[in-house]
Structures are given as structure tokens and as C-alpha cells.
């Protein structure tokens with residue numbers, strides 16, 4: 001019997017790791033990856049950090065350059081897909097080529113959620129999703145330039161830190177009443193706000209841009225009535241899933257390709273993962289996790305499901321953020337207001353714990369990354385703690 005052909009669409013973390021997972025889990029059939037980017041699949045997290053700060057930054061490839069040929073994976077870079085035929089199981093490129101598949105993994109990622117008021121500035125306005133975006137930003141983030149960043153989420157704050165370290169004068173505008181309100185607990189939000197303010201970043205909360213005038217400098221009028229002058233304007237206010245191909249193929253979408261917990265779409269031969277995917281949970285709610293680890297996890301899950309193998313157990317959600325000299329790692333559930341702190345954030349060394357009826361369900365480490373491994377195990381096992389002991393620095397965590 002002829003072995004099946006699997007096609008992967010996308011050029012990021014989830015796409016590359018799907019290829020790796022399929023080979024690791026024993027798939028020996030024909031495997032193709034189609035990407036509209038000219039680069040080999042590369043790591044996205046460094047784009048807002050080392051790619052802007054290092055003297056001679058290099059893209060960090062997800063897999064070594066020789067891996068693709070050694071593992072007989074056919075790479076098609078810099079190509080654009082015109083359509084997906086679900087009935088014919090055919091992928092058609094804009095250059096007229098067509099390719100047959102038995103199973104398909106879609107990891108087309110996401111674009112920056114548009115902000116038309118700023119998009120009208122054209123090349124004077126920046127977002128950050130790809131390596132070419134980082135290269136453009138690196139050119140304009142020069143010392144003493146005034147930089148306005150719209151959005152105080154993870155990307156916005158990482159960009160604020162990098163721009164400040166490059167000598168720019170940075171102002172961040174945020175519609176909400178706090179920074180990183182979507183994915184950090186209140187005590188970490190307060191720490192980050194103070195950290196950026198101490199570094200010289202001006203953060204304007206509960207505010208938004210109402211009017212823009214493009215001139216020698218960009219003039220931004222805010223809801224508060226204040227007017228800012230900017231040499232560089234950047235925004236990061238969320239994502240818009242690259243799900244057009246899926247929509248045109250009549251797959252179930254909702255600002256993303258809807259998948260089940262096996263990463264399967266409404267078509268049993270089509271799977272999806274990474275930022276483009278949104279999971280329908282058992283209770284019917286839709287949930288998206290935008291992180292490096294989630295892309296890896298979903299790639300492994302989809303590969304197992306495609307091959308009819310047992311699905312790997314999901315670890316607690318985890319992501320990290322590097323801002324200035326700080327490394328913050330977030331694991332587990334970030335919801336809730338009853339957080340306790342071990343250590344002193346003012347010394348830039350602390351761990352915040354999220355206990356629910358004594359059970360550890362989440363944590364954030366500040367420059368304490370070595371503690372993530374035991375914390376992950378505790379969250380997975382549902383370990384209970386005495387809050388007093390957990391915050392006592394005289395007691396080693398590993399002894400608890």
C-alpha cells in the first residue's frame with residue numbers, strides 16, 4: 001500500500017515542530033512544508049529582544065539547516081497558496097503548481113491585529129511578527145529618537161524595554177488600566193509598571209489615540225487631550241489569525257481555525273496548530289494560547305493524532321518574557337487575586353504563587369527560572385501547600 005502524503009502549511013514554530021514530530025513518531029511517508037517566508041523556519045521570541053539588541057543578530061532556526069534534507073522533508077519556501085481543495089485534497093499555488101495530500105496540518109500563524117488610524121502612516125508605522133519586521137525596527141530605533149508604542153501587552157513591553165536599551169525615549173499608550181492585563185496577575189502587573197517607569201518609560205494607562213497627523217514627526221492626539229510627537233510609532237494590540245485559506249475552504253473559523261483537543265478541524269483529514277488555531281473546549285468555549293510552548297505542544301499532538309497514536313499529556317501552560325535584565329516565567333493559571341510572594345520584587349528576585357484552597361495552580365518567577373521545573377511538577381500533581389511555608393525563604397523550595 002502506498003504511504004500517505006502529509007502537507008504542512010506554514011513556516012514558523014508549529015510548522016517546523018510538526019515536521020519534526022511526524023518523523024520522530026515514525027512517519028516515513030512523503031512530507032512537504034510550504035511557507036510564504038524566504039527564511040528557514042525560525043524562532044519568533046528573539047525578534048523583540050536579541051534581534052534588536054545584539055550587535056550582529058542571527059536568526060535562530062527551529063531546526064538545523066541540514067535537518068530537512070537528512071529527514072527527507074521537502075521544503076517549499078517563498079511560495080503562496082491560492083486554494084485548498086477539501087474534496088480533491090489538492091493544494092494549489094499561485095504559480096499554478098498543485099500538490100495532492102492525504103492529511104494536512106495548517107500552521108499559518110497570525111498577523112498583527114490592524115489599527116487603521118496608524119496603518120494610514122504607511123512605512124512610518126511598525127508592527128512585529130516576522131524577521132523582516134525586526135530588521136526594519138532595528139534600523140529606526142536609534143538613540144534619542146522618540147518612540148510611541150501602542151499596547152502594553154507582552155510584545156509592547158518587550159519592545160519598550162529593547163527600545164529603551166537602544167537609547168530611545170519611549171512612551172507606551174494602553175487602553176486598559178494596567179499593563180499585561182491579559183496574561184499576568186495583579187502583583188506582576190504592578191511590578192512591571194514600576195520597572196518600566198524606573199527605566200524612564202512613560203506609560204499612559206486608560207488612554208488611546210484619537211487623531212494622527214503625519215509630518216516631520218508624527219503627531220498623536222490622545223483621548224486625554226495630550227499631544228505626543230514621535231519619530232517612530234509601533235503598535236501591538238493583539239493578533240488577527242491568518243485563517244483566510246481555511247475560511248475559503250469552508251472550515252470552521254472564529255478569528256482562527258477551530259480545532260478539538262486533538263488539533264483536528266471539522267474536516268477529519270485537516271489539522272491545525274499554533275497561533276492560527278483556536279480550541280473548542282468540552283464546555284463549548286473557544287480558547288487560544290499564543291506561546292512558543294503551545295506551538296510545540298500542538299505540533300506533537302497533531303502528529304500523534306494524524307498517525308493514530310496516543311495523544312501526549314499536556315503540561316501546564318508556560319511562557320516567558322525578557323525585559324531589561326529580568327526574566328519572567330509564567331506557568332499554570334494566571335487568574336485570581338489571592339497571590340502570595342516569596343522573596344522581594346525590589347531585589348528583582350521573587351516568585352509569586354497562585355494557591356486555590358491550598359492547591360498550587362499557577363506561578364510567576366522573577367529571575368528564578370531554575371525553580372520552574374519543580375513548580376511544573378507540583379502544578380501537574382495538584383500538590384497542596386501551607387502558604388506560610390511556601391513564602392519562607394529560609395526553607396528551600398525543593399524540601400517542600
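Backbone N, Cα and C define each Cβ position, glycine as well.
Database features, via Swiss-Prot:
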type	residues	note
BINDING	5-36	FAD binding site
BINDING	146-174	NAD(+) binding site
Inter-residue Cα distance where the pair is residue 17 (FAD binding site) and residue 158 (NAD(+) binding site), in Å:
25
Within 10 Å of residue 33 (FAD binding site) (Cα-Cα), which of the binding-site residues 146, 150, 154, 162, 166, 170?
none
Most Cβ neighbours inside 10 Å, all chains, among the binding-site residues 146, 162:
162
I'm trying to understand the geometry here, so how far is the Cα atom of residue 146 (NAD(+) binding site) from the Cα atom of residue 9 (FAD binding site), in Å to the nearest whole number?
39
Sparsest Cβ surroundings (other CB atoms within 10 Å) among the binding-site residues 9, 17, 33:
33
Return the residues near residue 154 (NAD(+) binding site), defined as same-chain residues 6+ apart in sequence whose C-beta is under 8 angstroms from its C-beta, sorted by sequence, else 'none'.
180, 183, 319, 321
When a 10 Å sphere is centred on the Cβ of residue 21 (FAD binding site), how many other Cβ atoms does it contain?
23
Find the one among the binding-site residues 150, 162, 166, 170, 174 whose C-alpha lies closest to that of residue 13 (FAD binding site).
162
Those residues of the chain, 6+ apart, with a Cβ under 8 Å from that of residue 174 (NAD(+) binding site):
150, 151, 152, 156, 203, 204, 205, 206, 207
